[in-house]
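Data first, discussion second: the structure below is written as structure tokens.
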Amino acid sequence: MIGRFAPSPTGPLHFGSLLAAVASYCEAKSQDGQWLVRMEDLDKPREMAGAADHILRTLEAFGFEWDGEVVYQSRRSSLYQDALSQLQKKSLIYQCDCSRKEIADAYNQRPAQHGIDGLIYPGTCRHKAKIKLPHASRVVVDSNPIAFTDAIQGNIQQNLAHDIGDFVLKRADGLYAYQLAVVVDDFVQEITHIVRGADLLDSTPRQIYLQQKLNYPTPQYAHIPVASNTAGEKLSKQTLAPAIDVGQAPILLIQALSFLGQQPPNDLSTNSLSDIWLWAKQHWGIKKVPRQRSITFNPS
Ligand code: GLU
């Protein structure tokens, strides 16, 4: 089995991203699998200078050992272009020059339809004769339900036409979209087990749809609850989640294991970092992770 951790270098590692790293690492290493690290640095404008190196140094200080070289999405555009061309050949791609306002206005007096990830694209450009520059590339979706069983969250089903609409694979500014890049990389890197935050659960059907259209296998998914602050907001750079302090690595690792439902014994904190990892790998069980999309993290 091959797992991965795929941080976006928009800021230093915080407790929320540590959880995804710990869970994906334990899932792979408890089964003698490989664990790869991939920097999702496609969105250069959102990137924070030095964050990628900082994340890698933090992972190292925590004792994570990744297999192979770290992959950087910013260096893999030709792979994403190849996949886009494959979809183009199947007539699944069209160009779109709609602005956000035009998308909202396209609903013509009717209230704009909000899906689970913003406005549902009403297909305006599907049959438009002339598209202005700059334009995005969208993939055509259909209304066949996409269903999968998540190892933590259970059975999930989505209807892309109803819940999302045709979605963007390449943005008007020329950047490849996360949904395309993640699917291509998970395939090229032969990832079999994806463990990540439940904030991405709603993206998974879009990714499975692309896998189906590109004839890629679908990996096994497990979405862990995201950590939220006491105001109910997901810990993230936007909510000013503090960077994790590597000086506190043993206690943070125990807090992460505890958040993930693994019930580490009280006296584990007197152990060295490597002994805590040993315990974690020996006792890891994905089925012990709580079946919730979000849990308040309140370190005591
Ligand atoms: N880069 C994404 C993030 O940091 C994770 C993508 C994934 O695990 O599929 O939220």
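Quick reminder: no glycine exception, Cβ is built from N, Cα and C everywhere.
Annotations in TrEMBL come from automatic prediction, not curation.
Residues or ranges marked as L-glutamate binding site by TrEMBL: Arg4, Phe5, Ala6, Pro7, Ser8, Glu40, Tyr178, Arg196. Summarising the environment of Arg4 (L-glutamate binding site), the number of other Cβ atoms within 10 Å of its Cβ, over all protein chains shown, is 27. DSSP assigns Arg4 (L-glutamate binding site) to a strand.
Annotation comment: TrEMBL describes 4-245 as domain 'Glutamyl/glutaminyl-tRNA synthetase class Ib catalytic'.
Summarising the annotation, TrEMBL assigns motif ''HIGH' region' to 7-17.
For Cys96, Cys98, Tyr121, Cys125, the entry in TrEMBL reads Zn(2+) binding site. In the shown protein chains, 21 other C-beta atoms lie within 10 A of the C-beta of Cys96 (Zn(2+) binding site).
Helix first, then strand, then coil: DSSP counts for the motif ''KMSKS' region' (234-238) stand at 0 helix, 1 strand, 4 coil. The motif ''KMSKS' region' annotation in TrEMBL covers 234-238.
Positions annotated as ATP binding site by TrEMBL: Lys237. Around the Cβ of Lys237 (ATP binding site), the number of neighbouring Cβ atoms within 10 Å comes to 17.
Considering only the binding-site residues Cys98, Tyr121, Cys125, the residue whose Cα is spatially closest to the Cα of Pro7 (L-glutamate binding site) is Tyr121. Close to the recorded L-glutamate site, the chain also has Ala20, Arg38, Met39, Val182: residues not among Arg4, Phe5, Ala6, Pro7, Ser8, Glu40, Tyr178, Arg196 whose Cβ is within 8 Å of the site's Cβ mean position.
Using a Cβ-Cβ cut-off under 8 Å and counting only residues 6 or more beyond its ends in the same chain, the motif ''HIGH' region' (7-17) has close neighbours at 37, 39-41, 43, 46-48, 51-52, 54-55, 58-59, 197, 226-227, 234-237, 241-244, 252, 255-256, 297. Shown in sequence order, Asp97, Glu102, Ile103, Gly123, Thr124, Arg126, Ala136, Arg138, Asp166 are the same-chain residues outside Cys96, Cys98, Tyr121, Cys125 whose Cβ sits within 8 Å of the Cβ centre of the Zn(2+) site.
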